[in-house]
């Protein structure tokens, strides 16, 4: 009975995977809603000047049509800048300038944590009248930013610290986006969802090119990407099947390729042949045997002998792009965190009923996207479904609430 039981499929464990990525997204959105609720009154006079408002500055005296056209121009400029920047990132990654990209990403993270985080901290200190001197504040802020950069870009940090700083970076950037004019914010959200759709699905999309290039080289994408913790499932024989293996272990196994000694534990014979044409290493594994390095480089990690017995196809678990990457862990770009949080942060400026409706819409969209990822087994954008549902629920909730308020007011006047 136990031998005939099939191991869990990807859809069987999808609920656990959704929770693992939904938790940090929810925390990021909650933090942005809290910041907007606390600082909205004190920072409402603060006017942000950025690329998102370079083409048009919204004023209260403008008509709705002028605001829409201006917001559309701002969004087109912002998407154009993001597109050019992403193609430049692909070019540098193609030229193997990974070290430069890491330095640039580290500097960007330091700016976000140090300057944006510092200004928000000043808002909070002023709001709650926290007694702190300038020197202590600067020392704490500098250490906070430096540790954040090290946590995000150094693999030896505990994963919980890395994940926490990624959520904080997303929260800080999202809060600053909520300070944009209202019309620009909503048009920008829709424009970024459409950009995400094109950048991932089109053959010449920059994000698709970046993912394919990283896959071909078996390298990590040089970007701020949230990665969930590894998950371990157990089959009927109590043999663990890892769904993620750390990149460091992969590199360690690759470094030992030159050794042609026998692996007595797996009883496999591997011979390394040096090609005279291109210097490539060719590993030949005898029939019915699997080397430990080859087993660990498969993603997710599947026992090939068990796989042969149960007839389970490992191709069904080989997913790339948003969701499950080649390492088997769920990965979600930090930009998705940011724009999800911008949507609920903007909703928090209206009322908390609208926040709740937008949150449920985003969660539903994220779940739909992960289910589509599991079914179609191809890279999928994370923004379009969630943003579409979130924007729809926002305006429906506002409209229904306004109708309800007007109806209640009329009823009170009648009586």
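Numbers run from 1 along the shown chain.
Using the three backbone atoms N, Cα and C, a Cβ is placed for every residue, glycine included.
Remember, it's a predicted structure, so these values are computed and weren't measured experimentally.
Features as listed in TrEMBL:
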{"type": "TRANSMEM", "residues": "21-39", "note": "transmembrane segment"}
{"type": "TRANSMEM", "residues": "68-94", "note": "transmembrane segment"}
{"type": "TRANSMEM", "residues": "103-124", "note": "transmembrane segment"}
{"type": "TRANSMEM", "residues": "130-153", "note": "transmembrane segment"}
{"type": "TRANSMEM", "residues": "160-177", "note": "transmembrane segment"}
{"type": "TRANSMEM", "residues": "183-207", "note": "transmembrane segment"}
{"type": "TRANSMEM", "residues": "356-376", "note": "transmembrane segment"}
{"type": "TRANSMEM", "residues": "382-406", "note": "transmembrane segment"}
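Between the transmembrane segment (160-177) and the listed ranges 21-39, 68-94, 103-124, 183-207, 356-376, the one holding the most Cβ pairs under 8 Å is 21-39. The list of residues near the transmembrane segment (183-207) in space but at least 6 beyond its ends in sequence, with Cβ under 8 angstroms from a Cβ of it, reads 52-53, 56, 58, 67-68, 70-72, 74-76, 78-79, 82-83, 86-87, 89-90, 177, 321-322, 335, 339, 342-343, 346, 379-384, 387-388, 390-391. For the transmembrane segment (356-376), the partner stretch with the most Cβ pairs below 8 Å, chosen from 21-39, 68-94, 103-124, 130-153, 382-406, is 382-406. Of the recorded ranges 21-39, 68-94, 103-124, the transmembrane segment (130-153) has the largest number of C-beta contacts under 8 angstroms with 103-124. Panel annotation: around the transmembrane segment (68-94), residues 51-58, 62, 100-101, 181, 183-184, 186-188, 190-192, 195, 199, 206-207, 209-210, 213-214, 221-223 of the same chain, lying at least six beyond its termini, place a Cβ under 8 Å from a Cβ of the stretch.
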